[in-house]
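Right, one structure below, let's go through it.
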């Protein structure tokens with residue numbers, strides 16, 4: 001439940017910030033009449049992401065067992081790529097995202113008789129990018145942790161992001177976004193490492209990867225996945241009490257370079273914003 005909550009909080013807050021920045025800019029430049037048009041783009045993006053997520057989730061339930069495992073592995077790999085890209089992309093563009101959005105709004109509203117649709121599509125693509133990232137991660141998360149709690153966590157995270165977005169827009173709160181994105185990014189890298197190890201496990205169960213399947217270690221006597229804490233670790237970080245050598249290797253092969261890259265100072269002009 002916690003991982004879907006955190007991911008949807010972060011992704012939802014990114015989308016909320018985009019919408020808030022666009023709405024604030026429209027009001028500040030005496031173009032508040034276009035805010036309704038902006039919301040059309042937001043709703044279309046939300047409908048696309050929701051529909052795509054439901055379609056993929058319902059379709060995969062019809063797959064035979066091996067194809068189901070293969071699909072789970074592919075979705076996990078896609079989720080790892082998206083999460084990693086999300087972390088480092090936000091590091092790179094967060095300082096300039098406000099200027100970029102304002103320039104995009106100006107460009108959209110200068111396109112003659114079609115500027116309304118241009119604004120709709122600009123907002124649609126900006127919000128849909130965040131939503132599609134969430135779709136693939138949630139598909140991977142729901143496959144690893146079944147039941148009602150992961151969807152509930154995702155909905156709570158999204159609801160919290162919406163509330164925070166409105167509070168930021170109205171000026172009711174000031175949030176240290178630099179610290180928020182820094183620590184959630186670090187957490188997400190550990191989540192992605194667990195997904196990468198889970199992808200190897202899924203490919204093995206699909207019959208595609210049968211190398212280094214010896215048990216690396218057995219922690220069942222110390223931290224069983226049947227215990228409360230073990231269950232939490234499994235749901236959050238993909239913890240396995242008796243992982244294979246290949247799972248452990250993939251976990252380290254992904255996580256060590258990712259942490260090193262994350263620890264390096266961002267390039268000039270790409271430092272994170274401090275607050276909003």
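Cβ atoms here come from the backbone N, Cα and C positions, even for glycine.
What Swiss-Prot says about this protein:
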type: TRANSMEM; residues: 2-22; note: transmembrane segment
type: TOPO_DOM; residues: 23-34; note: topological domain 'Cytoplasmic'
type: TRANSMEM; residues: 35-55; note: transmembrane segment
type: TOPO_DOM; residues: 56-69; note: topological domain 'Periplasmic'
type: TRANSMEM; residues: 70-90; note: transmembrane segment
type: TOPO_DOM; residues: 91-118; note: topological domain 'Cytoplasmic'
type: TRANSMEM; residues: 119-139; note: transmembrane segment
type: TOPO_DOM; residues: 140-147; note: topological domain 'Periplasmic'
type: TRANSMEM; residues: 148-168; note: transmembrane segment
type: TOPO_DOM; residues: 169-179; note: topological domain 'Cytoplasmic'
type: TRANSMEM; residues: 180-200; note: transmembrane segment
type: TOPO_DOM; residues: 201-244; note: topological domain 'Periplasmic'
type: TRANSMEM; residues: 245-265; note: transmembrane segment
type: TOPO_DOM; residues: 266-276; note: topological domain 'Cytoplasmic'
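Residues 38, 42, 86, 90, 97-98, 101-102, 105, 123, 126-127, 130-131, 133-134, 137-138, 141-142, 145, 150-151, 153-158, 160-162, 164-166, 168-169, 177, 180-181, 184, 187-188, 191, 232, 235-236, 276 of the same chain sit 6 or more residues outside the transmembrane segment (2-22) yet have a Cβ under 8 Å from a Cβ within it. Note: the stretches the transmembrane segment (245-265) and the transmembrane segment (35-55) are not in contact (fewer than 3 CB pairs below 8 A, sequence gap of 6 or more). Assigned with DSSP, the residues of the topological domain 'Periplasmic' (201-244) fall into helix, strand and coil as follows: 15 helix, 2 strand, 27 coil. Between the transmembrane segment (119-139) and the transmembrane segment (35-55), three or more CB pairs separated by 6 or more residues in sequence fall under 8 Å, so the two stretches touch. Counted over residue pairs separated by six or more positions, the transmembrane segment (180-200) shares at least 3 Cβ pairs under 8 angstroms with the transmembrane segment (70-90), which defines the two as touching.
The DSSP breakdown of the topological domain 'Cytoplasmic' (23-34) into helical (H, G, I), extended (E, B) and coil residues amounts to 9 helix, 0 strand, 3 coil. In the predicted model, residues of the topological domain 'Periplasmic' (140-147) average a pLDDT of 70.
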